[in-house]
Each structure stands twice: as structure tokens, then as C-alpha cells.
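Enquirer: Attaching a single structure in C-alpha cells format; questions to follow.
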Amino acid sequence: MILIQDATINNKVQDILIEKNKIKKIGKNLIQKENLNRKDLKIIDGKNKIIIPGLVNTHTHTPMTLFRGVADDLPLMDWLNNYIWKMEANLNEKIVYDATMLGCMEMIKSGTTTFNDMYFYMNGIIKGVQETGIRAYLGYGMIDLFDEEKRENELKETVNTVENIQKLNNPKINPTVSPHAPYTCSMELLQESHNLAKKYNVPLHIHLNETIDEIKTVEEMTNKRPFEYLDSFGFFNGVKVISAHNVHLSNKEIEIIKNKNIAISHNPISNLKLASGIAPIPKLMENTVLITLGTDGCGSNNNLNLFEEIKMASLIHKGNSLNPTVVSASQSFEFATKNGANALGLNAGELVEGALADVVIIDINKPYLIPNENIYSHLVYSFNGVVDMVIIDGEIVLNNGKMVNINEEKVYENAEKSYNKLLNNSDE
């Protein structure tokens, strides 16, 4: 049991009581009101601290931490075909594990408590997630390139991943079904992905409408835009869908997104860095679409700090629309907390009694957070993402900025070694 006293919580100075993996009580003077005379009670001084819900990163590729800075300033297809996919061919489970450890640490240290990931060498990712204590939604990223034999192998990998994760019976690790995109996946793979998501009652996670060229490719193959094509065979029906990017959308596609309750993962920094464009978030908001935030992978961002996405998501749409009132600080903050949790069906993202105890504690005695009067504005527009403490599922995983159960230096050392192996193999 954890009691944090006299912290700023939901704009008030009060206490928060965590029991097991839930927020039990929020209020003043809880130590007296709750008769907290227990040996297992850990009391934390919350003075000069603000407590916020843990951030939810709804689209990333965590092991791509080792791709940070290796292929900058390139268009998407050049970036993928000539750099990323060539390097990925040299990955193995150990490299992916080392990269995942680094990525999970980076997310935790910048206040992310849950992430939604699509990649491969899933055992390495699962191991890293378990050791760091972060909450994760994990999918094997399927690409069949319209080849029947490869399709069967990809689907088999997904079934194995889903069933292996479910067998863990770990509430912090959840499976998804994750076909890469319509331009890399056959209709048969996409249809079977939908069937598997329904069968196992897990979310679908996919990239859609990231670039104009990608949309043209799908139109040439199907005579339809991506959302129209997927909707034509029921891909969105009866399942929870998280769609990443959604940069270039027709009015008809926005109608499909709205009517099918598709959750949008907005990745503004990656979209800007790859010059993919700017997603029409204000228009989607007008249509009551659920907007969430993702970082994408470190190869195209180049970090996993969701506070940077929160700031960018608010600023870019003001500048793009010439309207300073669109995407307010509070709305952008909700994208990364409440909305992200809702998209994944997670009882988190808000500091309310009964919610999962995924919380972040930030020291507000910092020059860039003073004066404290408009602290939530500061968290969006002036905070650097360095947090003091992180609690996930009721367990402290970061204390005073340091990982509790992880040797940080060893993680850095192993990541450097794996990067050198990856780079040397790629050069051969």
C-alpha cells in the first residue's frame, strides 16, 4: 500500500492512496480518515510534486531504439527500403531484447506507463517488458508482400504471439493483431487478421494513410483509398482498431473512421521528420473521433518522449490552421492519457478512485515549471519529460529518476554492443 501526501492531484493539494494495483482513495488527510496503521504502508511526501496519470503511447516500435539517428533526413520509402528493412534483416532475439530494455527505460523515465507496439522477435520484447515492469500491448508486425507461403508463416507467428502472451496471465502484457499496412499485406492476410482479432478478443493495430505515395499504391491495387478498401471487406467491423498516422484523409474516410469508432494514433513528430504531412486532427475532433498520441519508432522520431508529442500535437495544428484555439493544452494532454487508455480498453488515463494505479510524479520545483499556477499548461508547453517517480500497476518502477529493479548501466552497455553487431552485419 502506498500513500502519497500533499501532492497536486487534479488541480488540488491532496493525498492519493494506492492499494494493490488500484487507486483506492483520493482526498485530504487520508492517513487519519482511512486509519492507516499498517506495517506494509509506504508513505511518500508529495510536497512540491504533481501527480498525473501515466502516459499512453499508442503507436511505437520499441526495439528501434537502436535505429536512432542511423537514417535521418530521408523520405519514407527511401528510409524503409534502403536503410531500415536492410538493418532489420540482421536483427535477432538478443538484439531486440537489448533494444527493448533501452526503449522501455526511456519511456518510463519520461512518464509513459503503457505502450502499444508492433514489431518482431516477440520473445525478446516480452522479456524486456516483463523485466522493466511497464504495461504493454504487443503485436507481431505482419508483412506477407502478397506471398501465400509468407502469409501462412506470418499468421502462425501472430497466433503463437497472442496465445503465448495470454498464457502468461500477466495483466500488464496484452496481445494485439498487427498487420503492417494495406500496401505490404494481402487482402487474405488482412481478412484473417480481422478474424483473429475477433476470435481472441484483442485490438487490431495497423498503419494507414501515412503518405500520399502509399495511398496511390493502394488505389492502383484496389481502385479504393485505404480506409474504403478495408471497409469493403469488413476489416473494421466488431473489433477495436488503433490506426497509426492517418495523415491524408478524404471526407469519406473520415466518415468511416467516425462510424466504425476507429481510434487514431497521431504521430506528429514522425510525420514531420519524414515529411509525410500533417494529419487533419482538428477536423477529426470536429467529427468526435478518438485521438491518441504515438511516438512511432526511434528511427523516425528520434525518441520515445511522449511529452514532446503532446507539445507538438498542440502547436502544429495551431500553426497549420492559423487558429491558436485549436487543440488546446488540456485536449492534447488528454490525447496522451485518457484517450490512449480508452483506445486500448484500459481502466487508466485518469486519476480517479478505482482506476489502475499507473501514475507519474513530477517535481514542480524546476525553473521551467514556475510559477506553479498554470501547471498543466507548463506540462504541455514547457516540460522536458524528466519525471521523478513512476508507479505502474501499483508498483514503484522509477524512484528519484532511477530504475528500481534494473541496472541502468548494464542496459546502456548491452544496447551499445547490440548496436555495433547490428551495424557491422548491415555493412557486410
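Cβ atoms are placed via backbone N, Cα and C, with glycine included.
Per Swiss-Prot, the feature Zn(2+) binding site maps to His59, His61, His207, Asp296; the stated evidence is sequence analysis. Annotation comment: Swiss-Prot describes Glu88, His180, Glu210, Asp296 as substrate binding site, evidence class sequence analysis.
Just tell me what is around each of these and how deep it sits.
Expert: Around the Cβ of His207 (Zn(2+) binding site), the number of neighbouring Cβ atoms within 10 Å comes to 25.
There are 25 other Cβ atoms within 10 Å of the Cβ belonging to Glu210 (substrate binding site). The DSSP secondary structure for Glu210 (substrate binding site) is coil.
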Enquirer: Tell me, in order along the sequence, which binding-site residues from Glu88, His180, Glu210 have their CA within 10 Å of His59 (Zn(2+) binding site).
Expert: none
Enquirer: Enumerate the residues of the same chain, His59, His61, His207, Asp296 excluded, that satisfy the criterion Cβ within 8 A of the mean position of the Cβ atoms of the recorded Zn(2+) site; list them in sequence order.
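Expert: Apart from His59, His61, His207, Asp296, the close residues are Thr60, Met118, Ala244, His245, Ser265, Asn267, Ser270, Gly294, Gly297.
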Enquirer: Which one of these binding-site residues, His59, His61, His180, has the sparsest Cβ neighbourhood, judged by other Cβ atoms within 10 angstroms?
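Expert: Result for the binding-site residues His59, His61, His180: minimum number of other Cβ atoms within 10 Å at His180.
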Enquirer: Among all the protein chains here, how many other CB atoms are within 10 A of the CB of Asp296 (Zn(2+) binding site)?
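Expert: Excluding its own Cβ, Asp296 (Zn(2+) binding site) sees 27 Cβ atoms within 10 Å.
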Enquirer: Which ones are near His180 (substrate binding site): of the binding-site residues His61, His207, Asp296, which have a Cα within 10 Å?
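Expert: Qualifying among His61, His207, Asp296: His207.
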Enquirer: Over all shown protein chains, what is the count of other CB atoms within 10 A of the CB belonging to Glu88 (substrate binding site)?
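Expert: There are 21 of them.
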